[in-house]
Every structure is written in structure tokens, then in C-alpha cells.
Amino acid sequence: MPFKALGLHPLIVRATQDLGYQEPTPVQAGAIPAALEGRDVLATAQTGTGKTAGFLLPILHRLLAQPRGGTRALVLSPTRELAEQIQDVCTGLAKHTPIQSALVVGGRPEGPQERAFRAGVDIIVATPGRLLDMLQRNVAKLDRATTLVLDEADSLFDMGFLPDVKRIMARMPARKHTLLFSATMPPVIGQLANEVLRNPAVVQIGRRSSTAVGITQAAYPVPTHLKTALLRHLLRETEMPSVLVFTRTKFGAKKIARQVAADGFTVAELHSNRTPSQRTAAMEGFRQGKFQVMVATNIAARGLDVNHITHVISTDVPDVPEDYVHRIGRTGRAGATGDAFILFSRDEEDSLARIERQVGQRLPRVTLPDFDYTLAAPPPQPNGAKPPRGGGGSRPAQSAKPKSPKRPQGQGQPQPKRSNTPKGRSGGGSTRPGPRK
């Protein structure tokens, strides 16, 4: 079914053709007709399924049919990076129309953002913190904004933004058209939907909290002190064109990035210790293929939209199963395939079991025969002394070429035969040349 069949304005259909959109994805096919009718929408779908266009297309269509004057639509996003991506998509879809949009986020000069409100741009794409600050200083108004989108609503809650969201909504007309999109639907988001949506059209694609089709998952048991060493081993010994590595803390991200870079890989970091300009440069560089590895924290990578990510590696087990779904959803996007590996220690087995119950499958366990799991943890260091570098108890990285493929001991689990999985899991898959210099 082409986009034209949904009843969208010809100028918008033309933009979808320019952008190479072939036909609506399931979430778009479910959400767009309901939104065009003016119904509230509650949509749940995994990442990479086209949710952004699913709310932007009907908004643009409806705005074209309304008289212009002041900001008429607001899209709230949990992170600056996701807001920037939404703004980029909006600009592309609206390029044949007179509709204008603007970005209102932290880390950017406030002057242009204030001028956007004064000029009455049609659509504001914002993060809650910066927008609420501008509203409280009376340099922004939403009294004519009758359309509201809450994108990645579960992340808005996880990051503590719901109180700000409700304060922002109080500045908008009481009667408004509201679209709530989320990758998962925890009970608190269901409660929010009951509060802010009126008789919504419910669009649920895939089993709630399930993982995307096309992603091959595996779990690697490893002592905590050897996690970084195993990560580096996987990167060296596996063909991974584009890798997103998750770690729990910004300090862990910095350490991993430093050690992976020492192995010759091009590495970018995405965490709260990076300035807005550094984060933008990291995102753009990773998207353009300038960096092979991106090391990120959960919050920083929310909404990361990079279609070519081939591997996602978690160096810890998230306490919340939905976070795992968010993480691995960065690969296998838009019908592509991908691999997701999780490194877990003995004290994380219970958390991993919760994730497996949530996603409805047991992840195959993989051990690698050419990795030394017996290396002892480094001895405690005297106060003020730094532990030796090298990734836990790992030996220093070697510059020699990767070893020939071997099959791992999967503890009875059959291993998928994929050319881009670890050589221990694939019987004759392709290999990457030695570490980059």
C-alpha cells in the first residue's frame, strides 16, 4: 500500500518519495489513518519501525489544512540527540510545504530558539528541560499548540521528565490532539496514557517488550574483571563493521573507549561528560562511518538512529528488562539483521534471567576457546595508585593477525552460522584484517 493510499496531502507524499519511503511500515499504517481523523493515538513499537514518520506525517497533513498562526504542534523528546533526529526528519518531510519547524534543546544558543517562538514556527521539537525553562521565563508560548506528541514516552519516564511534561501540558490548550509513542509500555506509561489520551486508537506492533525480528542474540559468561578484555577480544577476532558498546557509567565508557582505541579502532564516546558539540560530532561521525565503535551509556544513546549498526554489545546486564530491549533495538533496524551480545558475570545471572523471561527466550550461552578465562583479577592497589592498563586481567593486546576461525563451546546451544558473528561461532566466516593503525 503506497503512502498516497493513506490520504496524505500530495506535497507530503512527494516528500516521502524523495526520501525513498516505499510503503508504510506496520506502525505507520496503524497510526496515520487514526491520527488523520483527529483521534488520539497510543502506539507501541520497537525501535527502527518508523515511529517518527508515523506521527510527523499526519501532523504535517493536518497543519496544512489549518490556518497558520503561532506554534500549533509540539513534539517532546527525552534527549537532545533524538530531538535533532526528529527535526531532521520533519525538515525532509515538510520541504515542499510552507510548514516550518524549530529545535528547542539544551546545549544550543537560546537566542535562535526564542526567535523561533516569536516568529510563530508551526512545529516545535523540544526536550522538556529547555522548553520548560523558556516557558517559565515567558519567552515561549504554547497557547495555540493543539497537537502534542510524546515520543519515547518510556524514556521520558525513565529519565524523570514526567513532572516537567505535565507542567508543559498545563501551558497548552486543555483540548488537544495527543499522540503517545513508546518502544515499551510499562505500567506507569499505561497510567499516563489513561490520564492524557481520550479514547485513543491503540497500535501495538509486536509483543510487548519483545525484541526486534532479525537480531541474533547471545550471552557471554565472564568474570567481571575480564569483561573489557573479552570485549576487546571480540572486536579483534570478529568482523564488526559498526559496533555500539553499552556500559553503565560514563567513567566506564571513557575507560573502554581508551582501551579499544589502543587496539587501533576508531572510537567515539557518547555520555554526559561530553559537551553538546562533542556529542553531536560523535553522532555524526558514527552515522557517517568515521568511527567503527561507539561507546555509550544508556541515557545518552536513547533514540540513537543509525541504520548501519551491525553489532550491539552490552558490557553489563541492565536492571530493567526494557533497557535491554532499547539497547539491542539499535541494530536490526528497518528490516536489517544484526547481532546483540551481552557480557554477564555470575552476580548478574538473576538480572539476565529477568530479561529472558521478559523477551520470552533463553539467550544461548557462548564461551570462546581462544580466550583465557583463568586470568586472575589485578591485586588491590595502594591508595592513590592506578591499576595497570590492559583491560582487567587481560594480557596486552597483540598486533598480530587474528587467529584462524574456531568453533566455541556453546554449552550445548546450537550456534547460528553467520559470517559476521565471532569466529568461534562461525565455521569459516569472514575475518577482519589486523587492528587498524
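From the backbone N, Cα and C atoms, a Cβ is placed for every residue, glycine too.
Note that the coordinates shown come from a computational prediction; the quantities given were computed from them, not determined experimentally.
Looking at 1-29, 59-87, 349-377, the range tied to motif 'Q motif' in TrEMBL is 1-29. Residues in the domain 'Helicase C-terminal' (230-374) partition by DSSP class (helix H, G, I; strand E, B; coil) as 58 helix, 25 strand, 62 coil.
Each residue in the motif 'Q motif' (1-29) gets a DSSP state, and the totals come to 17 helix, 0 strand, 12 coil.
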